[in-house]
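Copied over from Swiss-Prot:
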DISULFID  229-231  disulfide bond
DISULFID  262-265  disulfide bond
């Protein structure tokens with residue numbers, strides 16, 4: 001089947017749009033960077049699905065970050081995605097977390113932050129409390145309050161054919177459409193019947209036909225979704241020289257090198273004293289170049 005793909009579709013006679021995302025490798029890359037507890041893996045999968053679905057609603061080049069913050073065992077869980085559906089994510093937690101821990105058991109008292117950053121134009125940030133039993137309900141509340149467009153989400157994570165999968169669907173009323181509330185309710189009822197194994201295992205066209213074969217559905221060209229971190233040795237070197245020089249050389253004197261670790265992909269970049277000196281020489285306008 002086609003996985004790591006987002007499909008957009010339109011109910012031509014009902015003034016409702018939809019999205020379907022099916023992920024395996026992109027999800028697996030994110031949860032393999034650390035030894036995340038099972039419940040945190042699930043939460044990251046839900047955030048990943050949510051971010052890809054919301055990013056697909058962008059009508060411009062830019063990115064969306066969906067972030068959970070709280071005072072519970074999980075202090076942070078965040079996924080970032082852009083208009084090219086390049087995604088990355090990370091979570092921070094302390095202590096033991098039960099496999100079946102709920103959103104509120106993990107996050108405690110917290111909130112959801114959605115940040116939209118166009119390449120051109122103003123940055124937008126929305127903050128909502130964790131009102132709801134799960135992430136799906138929190139996001140639907142966000143849509144109700146901010147977009148004021150009737151929106152429903154279905155988000156699933158789990159094992160399929162021995163590997164972690166994450167998938168989801170979104171349906172949303174088209175502004176100024178000619179459809180009736182009954183149309184949306186009709187599609188809600190149909191989508192409520194979707195099973196995990198269908199989301200994880202069926203091709204998009206087969207799944208959409210299974211759900212909506214009585215309706216006229218136009219499916220657009222699929223868009224691939226891929227893990228992309230964006231870290232590099234060059235960026236790590238640039239970060240080092242923003243730190244007080246004396247502090248960096250104290251570290252070098254103590255351990256012989258300076259290392260930066262990327263939380264998103266798990267890569268560690270290590271610089272010895274010669275390389276650090278070259279970084280500072282380059283930054284001060286010297287002729288030496290770091291390779």
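Every residue number used here counts from 1 along the chain in the order it is shown.
Just so it is clear, glycine is given a Cβ too, placed from its N, Cα and C backbone atoms.
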Residue 231 (disulfide bond) and residue 265 (disulfide bond), Cα-Cα, nearest whole angstrom: 8
CB within-chain contacts under 8 A for residue 229 (disulfide bond), separation at least 6: 88, 262, 264, 265, 267
Residue 262 (disulfide bond): tally of other CB atoms within 10 A of its CB: 18
Residue 231 (disulfide bond) CB neighbourhood, other CB atoms within 10 A: 19
